[in-house]
């Protein structure tokens, strides 16, 4: 840890714990306690050595004497250490008077004690990790033996790996966990031997962010539930952004403090700064009044060629303020909570972890990419600082502000965030009132024509969407934690309920991160006589938790002259599924289990197909809806694997193949349209060999599949043939 720095701005004092993004021990740099430990012996000798005037030049040097503390002194300092391992000067002086010691002796004893406790803790952790390592090795061997001795139930011969998908999945994830444990043990051991250790777990390919396939096959989650970290933090595009140097940090702190002040005022002030939008009942900034109220500073005036987009929304959410602050300040929890909006995110450096054991004063440099669930809307990338503060009245605030300006004052990228974020007020019974503000400047000329009204009115990226998502997800999280909501899971335990919800959460995340126009995707357009289908391919090579092979993702977006709610209820209804689901082969779909809340519904469906090969196929489906949009996401799952989940087993072992629909309002006034924007997306494993080349036949098959699905949906939901069908994407 770096020494604490104090920055003074606008008569506000903020203590920041400046911490490096690198581990000092791993870089061969001694920590503060280690430096103090190495200074103890020399300092003690200086205390015991006689002065120059007292020394006899003819006398031989005497052996250095060392002071031994009495048993009483040690017991008293041990007791004090348990209460306060880092006493200040005043405490050390008081303790020295009580024990008859010099303050410097007390200081050295505490330094020595801290170093000793640190070494003991690391040795204890090392022993635990070694034991866990041996346990994982033994379990790994058992799975290998089970695979090698497996036989086919039909012919009695050796079973192919494709027929052992669930066991193979278990083995792959256990292998990944074992490698992670070995890396951790090696890193700890390196502290004692002084040799650098190269991690093996990061040498594997991470090219596949989400698993795909057809009914009966499957993709695997990443090992150990680490899918979030890989999905959101693994992108080299985000990692390539600059980490601030020491000379930049005072400027970043000043910018964050100014942004917090602006956000607080924006949340409190009403008319004429904020005006009501008649189109969608959203508050937007009066630009002229904003410029008069907040003179340009920090980011400076609006950049040439960028359009201002602002909105404010307030709501009560089913979550206490402490948990909400924790989610916002943890990049993985934040990305998971808002997975439909945040496609990728990464914390580049933590400048301060906060004070008093909470996030008050926490400061992080981050990068993130924000998206709409369609390949027709370009994502927005931002490089920003996030600052959290507890106000004297008990309210919490979290603010983002872009660091897009380079050293020459030029804007980096096509989007930047002016002070944006939220104010959180604690309410009784574990609820919170949240006021959310979004204020950005963006170049959105690349947005497709049919999505321009949605983007320009602020519903695509604005505060209403953030608040609506937060309300829906907090309700789902409450069901996840305390078992709220209604439903029947065939008499399963609460552990089985939580496992099923966790599995569905990963399914929705996988769908959302794969359907948008992220810069990590390379969509190719396949033009046809009706729709433009976007496809992309990904390869997975030796990737634990994911199937090896070539994956083909296909998506198309179009408009329909129907209200979003009408389209949502049609697509989520099991009774109408046979009208559009080609892969179910016209089989009857029956719901066998479900969990539901006000805005989320999770169902386990059985397909009663005439095809005997699909007799063991189940479909996991989650449907959710709020005022900003709706999702219907589904994935075929193996019956054996789902039985494990419903029994409370680890859902990370279940293969998922997420496909589905994203339904958004078209952004036009209800009187003129009230229509919907529908995105249809499929994910198919087309070849299990990662080195194989993508065949034209595979592309044609997927293109035909998505076209037929779109045509069936149109035929089923549009009964009035006088309506224009759709606006064609070009």
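Just so it is clear, glycine is given a Cβ too, placed from its N, Cα and C backbone atoms.
Over in TrEMBL, the protein carries these features:
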DOMAIN    60-120  domain 'Homeobox'
COMPBIAS  60-71  compositional bias 'Basic residues'
DNA_BIND  62-121  DNA-binding region
DOMAIN    245-479  domain 'START'
DOMAIN    523-606  domain 'START'
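Break the DNA-binding region (62-121) down by DSSP state and the numbers are 43 helix, 0 strand, 17 coil. The domain 'Homeobox' (60-120) scores a mean pLDDT of 84 in the predicted structure. Residues of the domain 'START' (523-606) grouped by DSSP class, helix first, strand second and coil last, total 15 helix, 41 strand, 28 coil.
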